[in-house]
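Shown next, in structure tokens, is the structure this report addresses.
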Amino acid sequence: MKVLVLNCGSSSVKYKLLEMPKGDVLAQGGVEKLGLPGSFLKLTMPNGEKVVLEKDMPEHTIAVEFILSVLKDDKYGCIKSYEEIDAVGHRLVHGGEKFSNSVEITPEVIAKVEECIPLAPLHNPANLKGVVAIEKLLPGIRQVGVFDTAFFQTMPEHVYRYALPYDMCNKHGVRRYGFHGTSHRYVSARACEILGLDYDKTRIITAHIGNGASIAAIKNGKALDVSLGMTPVEGLMMGTRSGDVDPGVLTFLMEAEGLEAAGISELINKKSGVLGVSGVSSDMREIEDAIKNGNERATLAMTMYDYRIKKYVGAYAAAMGGVDVLVFTGGVGENQYTTREKVCTDMEFMGIVFDSKVNEGMRGKEMVISKPESKVTVIVVPTDEEYMIASDTMTILK
């Protein structure tokens, strides 16, 4: 079964064509600068070669149409006919409280996703444009929506509810939703598969650490808690997002700096986090270079970043009454050994006995980085959200 996975953002469309159930990647790439001058499609050939194809793509339907044409292209493609594509799976960011599982996309589902647009005003409209584009370009093909938020619908009310006026929260849908759910679901299940553990009887902490970052507590196969909240700003310090901050600071700054709501939103989403503290960059590779050159603010930013992760690991271990597996994933989690080491150092009291030597040589592959005597297994699992979306698509449509 060939499944095309689409992840449509406001100015990008990422895609992967997978042969299921094995998960072999037949084609992958993405459109960038969609709707802007200089838009292009970057694709990865089977031999790893990167190819850039420039084309004016003012909107999503034209971008998806170009992707489909490249999939069938004699030089760059891998299929002879669009009929070879059996189904399309979409990343849908926000399903609110309406979706606790992946679903086949119908007019009723589209209407419910549209109702969630106020909760994700940038993402949901873009996601739906991909659905509409496929309906137009491949009429009759079945489509499945996989929600970032669905995995966390198992959180109990005392976890997802904020300590704000009860009726006001209900009126506006204010609660913890969590994001990166597809990634947390994949790496937690994959870790148990690698380690030979029963997913439904294991306490797992998953750390999805990249430019955006979140930590989840997964107990006996169900999400118990997650650091991201109603929006993707809460929790860990991120590339440009603040993470946890005293809400009173925001009202103080509104008065002190003369900021309106839009200004505060830009501050905590785009000007804070690692970038805001370091004054250097939101890219951890550039931060590491700055640290080597003696930049004190870059050093401070990195120390804060690592500390926040460690604090959440401890909190979630307490919330679950212990932990059996700690998983690192995401761009930083998979590739930056220094962050993994800082998080896991001096954690013997919690059952973590870390193997610094193995950790230092480990980048971007599945690997246990704790010692055999460690009561908590620490493991790196590269995330594969596209495989998870394709897997859900196959399961639902079978």
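Glycine is no exception: its Cβ is also placed from the backbone N, Cα and C atoms.
Pulled from Swiss-Prot:
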type: ACT_SITE; residues: ASP148; note: active site, proton donor/acceptor
type: BINDING; residues: ASN7, GLU385; note: Mg(2+) binding site
type: BINDING; residues: LYS14, HIS208, ILE209, GLY210, ASN211, GLY212, ASP283, MET284, ARG285, GLY331, VAL332, GLY333, GLU334, ASN335; note: ATP binding site
type: BINDING; residues: ARG91; note: substrate binding site
type: SITE; residues: HIS180; note: site 'Transition state stabilizer'
type: SITE; residues: ARG241; note: site 'Transition state stabilizer'
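A gap of 22 Å separates the Cα atoms of ASP283 (ATP binding site) and GLU385 (Mg(2+) binding site). Taken residue by residue with DSSP, ASN7 (Mg(2+) binding site) is part of a strand. Counting Cβ atoms from all protein chains shown, ARG285 (ATP binding site) has 12 others lying within 10 Å of its own Cβ. When the Cα of ILE209 (ATP binding site) is compared against those of the recorded positions ASN7, ARG91, HIS180, the shortest separation belongs to HIS180. Neighbours of ASN7 (Mg(2+) binding site) among the recorded positions LYS14, ARG91, ARG241, ARG285, VAL332, defined as a Cα within 10 Å of its Cα, are LYS14, ARG91. Contacts of the residue listed as 'substrate binding site' defined by a Cβ separation under 8 A and a same-chain sequence distance of 6+ are given as VAL5, LEU6, ASN7, CYS8, ASN127, VAL146, ASP148, THR182, GLU385, ILE389, in order along the sequence. Within 10 Å of ARG241 (site 'Transition state stabilizer'), as judged by C-alpha distances, the binding-site residues found are ASN211; the full candidate list was LYS14, ASN211, VAL332. Distance between Cα atoms for ARG285 (ATP binding site) and HIS180 (site 'Transition state stabilizer'): 22 Å, as a whole number.
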